[in-house]
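Asker: The following feature annotations were taken from TrEMBL:
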type	residues	note
COMPBIAS	185-205	compositional bias 'Acidic residues'
REGION	185-231	region 'Disordered'
DOMAIN	378-564	domain 'FtsK'
BINDING	GLY395, ALA396, THR397, GLY398, SER399, GLY400, LYS401, SER402	ATP binding site
COILED	447-474	coiled coil
REGION	709-774	region 'Disordered'
COMPBIAS	716-774	compositional bias 'Acidic residues'
Amino acid sequence: MPRRRRRNRRSKRNERPSLFSQLSSGVKRGLVAVAFLAVGVLVILSALGSAGIVGVYIDDMMALLFGWMRLVAAVALILVALFLLMPNSERITPWTYVGILLFFLSANGFIDLIALNRHELSERVLSSSGGYIGLLFQQLGSMTVGFWGSVVILLALIVASLLLMLHTSFADFALLLHRRRDDEDHEDDEEDAEEEDEEEDTEEEDRPRRKPSIAGIVNRKRGSEKAEKEYDEELLTVPKRKHKRPELPLSLLADRSMTPDSGDIEHNSKLIERTFQTFGIEVEVVDVSVGPTVTQYAIRPADGIKLSRIVGLQNDLALALAAHPIRIEAPIPGKSLVGIEVPNKSIATVSLRSTLESKEFKKSDAALTVGLGMDVSGKSWVAALERAPHMLVAGATGSGKSVCLNTFIVSLLFQHGPDTLKLILIDPKRVELPVYAGIPHLLVPPVTKAEEAINALKWTVREMERRLDVLSATGTRNIASYNRKSDEQMPYIVVVIDELADLMATSARDVEGLVVRIAQMARAVGIHLVLATQRPSVDIITGTIKANIPTRIAFAVASQTDSRTILDYAGAEKLLGRGDMLYVSAEMSKARRLQGAFLSDKEIKNVVSALKQEDAPDYNYDILESHNGGGTVFEAASEEEPLLHDAVEVILAARKASTSLLQRRLKIGYSRAARIIDLLEEQGVIGSQRGSKAREILIESMADLDGGAFASGDNANEEEYDEDKVEDDVEMDEDEVDSEEEEDDDYEDEEDAEDEEDDDDDDDEDDEDDDNDR
């Protein structure tokens, strides 16, 4: 019994934490830094003879051991101490200390190798060269590989130690040297440009005027002449020169290194296998991936097991694991496995800085690369906006939409200067995007009013059409090839809308038409949309918008219906919030679950302050003003169908819309009348077909059309209609009203019969040709 008590006492003493282990990591680093600083200063004072008798002995000992490298060692200790006292001292890894030690040993050996090759061995020579430490390496190298072999090996060790100390690679070295060379060339170019400007100012009066470029003379040929006279813009271009990439330091962003707590992985794996066995399903957990938000258990089901049986046990797994919600990915893309995603006990925050420092972001060759976040395997994900080419972000309130938009904007700001990127930020909520006011990338101040937002979208349509005209005139396919060939460079334009629902509530018809127009045609000219909404309903995210924006991000939503509205399938209702998202693009068969990158308000303010110090914004307030004509949605539709205006007049007078009505009044065939009906439905003039009920008329008069884009004299059909005559014609018998659908069917049958007769005639002509050939 006494022995057991003694053993228990000893074990308890061993379990007690030491005093040093109770200190925080910051205090430990501070103590180590003070020790390094004191030793370094003491060595320097000893070498200068200012440390008394003790300093003399210290200097003699250090001189024999390290030679004159003792001074370098002292300076290195002081620098390491200062780095440890700085806030970003976490970047100093154990490999840094290994590199420092390897550098001194190899440098001492190299110095002794050169010194002893010229002088005889003595204490005086060792004290003035690399000391006994260097002598050890020199003797070892001379006896094994000889003098020149020792030189090669020691130089290689010196270079390797520098790479370990600086924690970098040869590619980063080359990039650093290349950037410095570009900066010097850029400064020389600026000096030459200033000299040329001074010479041009003196010779400007005698020099003939330069001819305007294509970008300045190409105007839209659409719209009325009056609109062209009232409003005439120039293409948004900048002179082509060597653009200096914005050198925003990553230190503006915080580096949050956190480790998620996934719980007992082995216990959960056995629990998953046991739960499936309870329901007669044999599975095996073959792989586990710990992500920042969830832990994915990859299982391999036995042969003959249907995936539907596995998916149906989601609630039972949630009960067994005491975790909610659980998402089952069946199968995992690219693998013959099923993924079971279990929420972690603690979520690790993914910083935008870690995404920008990732190899995926650095290797991206896209011009507009935005950081997304990290998947369950710890891989960073980025997206190329010009390949997307537009993005739709939706989710419930507080799920992370606004943070996602901020990460997109800041990612672009770290890549482009104001000459190559322009932004239009629309935020009807007036909460998130006004913080970017004053940066030089903005075309206009952050837009908060719905009327100004619609005017900005109309300007974007006009700018898109002007750019398309320029590309057509110059024979280039896209903005990248144009910028390579032309002397004037088109900047990329990114339009960010934080709350689409507020704009749709103000003028759904105008906003939807403009957004769809931009989404369909703006990819080639470098104009891209990023839309966000917290109301994922079908009246906000319409089918037309979804068809033209295949790249979508869904955050946590309240119901499966909302998830289907965003992604066309369920899954977003099982997300955890706080940046947990599903990302899908046109290049992916299934959505990927990611933890979005986080960006705090302080980091955004740091970036904005740095950009404001570099340059001031050059706002174009004309973008926010209303202009009649040019670029409206109905104008483009009228060019496609000249009778569209007359059809609107007939429908407004009759207060009803049908194919047979347009056939009789406009004296056209069924196919053309049906196409006009479809156009009017797309433009929001009439409602959709609802069974046997009549279509709803959505406008009251011609004044409700886009900015009066239709003038009564701009129609291709010059025939005038008498409203009284139309009203008299509309007063039909009840039998005639009931027979409208039958007339439509008769017209279809007649067209089918005509098509068959045309086919028979073609067959007869072919037979005659065959007889002639024979």
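Quick reminder: no glycine exception, Cβ is built from N, Cα and C everywhere.
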Asker: Least buried of the binding-site residues THR397, SER399, SER402, going by other Cβ atoms within 10 Å?
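Answerer: Comparing Cβ neighbours within 10 Å for the binding-site residues THR397, SER399, SER402, THR397 has the fewest.
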Asker: Using a 10 Å cut-off on CB atoms, tell me which of the binding-site residues GLY395, GLY400 is the least crowded.
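Answerer: Across GLY395, GLY400, these binding-site residues, the one with fewest Cβ atoms within 10 Å is GLY400.
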Asker: What average pLDDT is reported by the model for the coiled coil (447-474)?
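Answerer: Looking only at the coiled coil (447-474), pLDDT averages out to 91.
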Asker: Within 10 Å of its Cβ, which one of these binding-site residues (ALA396, GLY398, LYS401) has the largest number of other Cβ atoms?
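Answerer: Result for the most crowded candidate: LYS401.
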Asker: For the recorded ATP site, enumerate neighbouring residues of the same chain (Cβ within 8 Å of the Cβ centroid of GLY395, ALA396, THR397, GLY398, SER399, GLY400, LYS401, SER402, site residues themselves excluded), in sequence order.
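Answerer: My list of surrounding residues reads GLN534, PHE555, ALA556, GLY577.
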Asker: Which three-state DSSP class does SER402 (ATP binding site) fall into?
Answerer: helix
